[in-house]
Amino acid sequence: MLADSVLLEMGVLLALAAFLGVVAQRLRQHPVLGYLLAGMLLGPSGLHTVRQPEVVAIASETGTALLLFVLGLEFSWSRLRSFGGRVLRLGLGQILLTFAVVWLAVWAVTQRPGLALVWAGAIALSSTATVGKILEQERRLDSPIGRATIGTLLLQDVAVIPLLLAISALGSSPTSQISPSVLGVLGRAALFAITTWALGKHLLPWGLHWLSGRERRELQVIFGFAFLGLASWAAHALGLSPALAAFLLGAFLGESEYAVQLRADVAGVKEVFLCVFFASAGMYVDVTWLATHLPLVASVAVLAVGTKVLTTWAAARLAGWHPHLAFPIAISLAQLGEFSFVLVRQGIASGVMDASSAQVLVILTVFTLALTPLALRLACKRVDFRSGEKTPKVSKKGHVVVVGFGPAGQTVAAHAQNAGLEVTVVDLSPKLAREARATGAATLVGDATHWEILEKAGVPEAAAVVVTIPDDRDALRVAQLAARAMKNAPILVRARHQATVPSLEKLGVVPVGEESLVGEVLAAKLLDALGTEVPQGLPTPRPT
């Protein structure tokens, strides 16, 4: 049966991608390289193990939509603004300079503005998924290179929206001129964007708020993905890119108070989305074509990467970056990325890109992604050598993270604030989070048993963590996650049952079991652990 064949081939593809991803990681490469290689090996031009066209189509469309939805959730307008003017000037300069130079060069050779648009857009973009992960592993996210690179990548994410619309518009007009068909595409795109904004800003958060009161939190994830499917279908029906719909919906939803929890809930399957996306991209590589056109591909790769490094370096210098930082920044952004694949696919679907040009761009993307880990690490080492600095150590910010804002959490937070400490409250209930925000505390709506939530709350940099949630199993899980990230910082945990105390003590945390006065006891122990005077009226902490 066809369904059996499709399931078997998808299973083989994912299994090989997982294996090669592990191999790539062992070789200090990003797993993405393994996923791409799996697609190349099993695809139509490789071993041809994947024989059903439906497998390629399903993997491609599903992987693209799911990955871009997750990337949209991770996008943040407020985070983009926080990088400051110099980073924003760098990002805008990099995109515009690279796009202009590549577009003029391709147009001069081919006289095809639509094809030049796809080439310029694909080369101007870099890989958020790959570079962000490497910078995190190298502890460079807060370094000057890290902030410049991440800020530029966020701007590139925004640039994808007009690029996809422009490719769709040019594809609708055979003469690549402004025509009623082009205006129709732009009009439908504007209507779709407004509708998606209304859904992502109002209807979806309302639905998530309604579901937040239910026992099963996974219903929120199902609800979000249901809207993703409907939005992708609507975009396709309007002649727009489903990828555009996925990213827009994720980006608009990413500004809601439920975004952090949604990101945490899908974090476990994000790698699956990455795997499917890049494995399907690898299946588009024609190995036979590559072998016969290797000199051409190599020449284009040198020209494209060289051009991008030079334009990015120029943008960094114009934005005011020192020369010894401008070059590493340019190297970190030299690769093509996941959105380059999306633009190529849209170019093919719109009829503005031929198969040979698509092959060159896909192979160029694979090649530059393969070199990114090595190039980025060498660039960072060059900065260390020139500046004489090593990777900066994380400094303690001095805030207290309170997990749970029930009566005990409210008591702890109030006494901590009265002592002049900054407090961040994490609670799964939006209502309690709003109550905490009203007291002046920073708040986060989310399940603290997910590491992504604790990381967002700043646990690695916190002065202390106090866990007040009543469920002993969840409290132990939070304590385990916090203990892995915190060194020599107090962790205090509410323990309702004596059976939990030994497990907590093994972690080196302070269990508190006095049920009737648990809030006061936790507050007293917190202030004592931080060396702050314990006010009268609170219990005197007993030695632990």
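Backbone N, Cα and C define each Cβ position, glycine as well.
Automatic prediction, not curation, is the source of TrEMBL annotations.
Given the structure is predicted, the values throughout are model-derived calculations rather than measurements.
Your range for transmembrane segment, going by TrEMBL and the list 356-376, 461-481, is 356-376. Of the listed segments 182-200, 277-295, TrEMBL assigns transmembrane segment to 182-200.
Across 116-136, 148-170, 296-316, 325-344, stretch 325-344 shows the highest tally of CB pairs under 8 A with the transmembrane segment (356-376). Packing against the transmembrane segment (148-170) from elsewhere in the chain are residues 71, 75-76, 79-80, 83, 87-88, 90-92, 94-95, 113-114, 117-118, 121, 124-126, 128, 131-132, 135, 141, 176, 182, 185-186, 189, 239-241, 243-244, 247-248, 251, 316, 321, 325, 329, 332-333, 337, 339, 342-343, 346-347, 350, 352: each is 6 or more residues past its ends and has a CB under 8 Å from a CB in it. Looking at 87-110, 116-136, 296-316, the range that has the most CB pairs within less than 8 A of the transmembrane segment (325-344) turns out to be 116-136.
Between the transmembrane segment (87-110) and the transmembrane segment (6-25) there are fewer than 3 Cβ pairs closer than 8 Å, counting only residues 6 or more apart in sequence, so the two stretches are not in contact. Tertiary neighbourhood of the transmembrane segment (32-50): same-chain residues 9, 12-13, 16-17, 19-25, 56, 127, 129-130, 274-275, 277-289, 366, 369-370, selected by CB-CB distance under 8 Å and a gap of 6+ residues from either end.
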